[in-house]
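Right, one structure below, let's go through it.
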Amino acid sequence: MPAPALTLTARERLVVALDVPTAKEALAMADRLSGRVGMLKVGLELFCAEGPAFVKELQARVPVFLDLKLHDIPTTVRRALEALLKLDPRLINVHAQGGPAMLEAAVEAIHAHRRAGGRTELLAVTVLTSLDREALAALGHAGQPEDLALAYAKLASQAGCAGVVCSAWEATAIREACGEGFHRLTPGIRPAGVANQDQARVMTPAQALKHGSTWLVVGRPITHAADPAAAAEAIVAEMQA
């Protein structure tokens, strides 16, 4: 039976990527954004620099999306997840490119964690928003990024993942193929008038919601703003408009 769609406020849909190099800066940012955003995203760079203890401290302030994009053989990914799930992040992810067996092993780890009282949900990464058609062609993938993302989303859904990380440009097709309750977390979100930076496929917050995004990831437009709290509030207002 398909999962029901989440009922979320605009604020709960906003995920802030912690584009800062140290735990001290990340925790200070968390204090400024607590109660204003739904989650904070901890990526590979910050996690490797500061480690699991930092994530525990951060989660005492704001729920965490642990964005490590695990991709290895099934047993390795399952065991890595078992270790990471001791942190009980709100979300964690793996690469859909790892294939059905790896995704199923990851889902098994998540199910065991949730049976023990954990709350973490598993997302699968489809196509990075930094990759356009030319970049995918160089990797040997013909066709549009949207087609590959949809194929990966179907694979993730069949394996039992809770949703995917995808471009907002793919969210509508993925929702139609996998159901409203299959989550779509979308990076590459830029408020109107803000430069795209290192993302190739971007949307504004309002556009992303119309295209079916469940959660929106925003980084530097908030973390590099003179007043991050005010920047977050402005994006929430844009989402509600």
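Counting begins at 1 with the first residue displayed.
A Cβ is built for glycine as well, from the same backbone N, Cα and C atoms used for every other residue.
Per TrEMBL, the features are:
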type     : residues                                   : note
DOMAIN   : 13-235                                     : domain 'Orotidine 5'-phosphate decarboxylase'
BINDING  : D19, K41, 67-76, T129, R190, Q199, 219-220 : substrate binding site
ACT_SITE : D67                                        : active site, for OMPdecase activity
ACT_SITE : K69                                        : active site, proton donor
ACT_SITE : K69                                        : active site, for OMPdecase activity
ACT_SITE : D72                                        : active site, for OMPdecase activity
Confidence summary for the domain 'Orotidine 5'-phosphate decarboxylase' (13-235), mean pLDDT rounded:
94
If you count the other CB atoms within 10 A of the CB of D67 (active site, for OMPdecase activity), including all protein chains displayed, you should get 24
Only counting partners 6 or more residues apart, tell me which same-chain residues put their Cβ under 8 Å from the Cβ of G219 (substrate binding site).
V16, A17, L18, D19, K41
May I ask which residues of the same chain, at least 6 positions away in sequence, place their Cβ under 8 angstroms from the Cβ of K69 (active site, proton donor)?
L44, N93, V94, H95, V125
Who sits close to L68 (substrate binding site): which same-chain residues at least 6 apart have their Cβ under 8 Å from its Cβ?
G43, L44, F47, L84, I92, N93
Secondary structure at D67 (active site, for OMPdecase activity) (DSSP, helix/strand/coil)?
strand
Cα-Cα distance linking D67 (active site, for OMPdecase activity) and P74 (substrate binding site), given in Å to the nearest integer
18
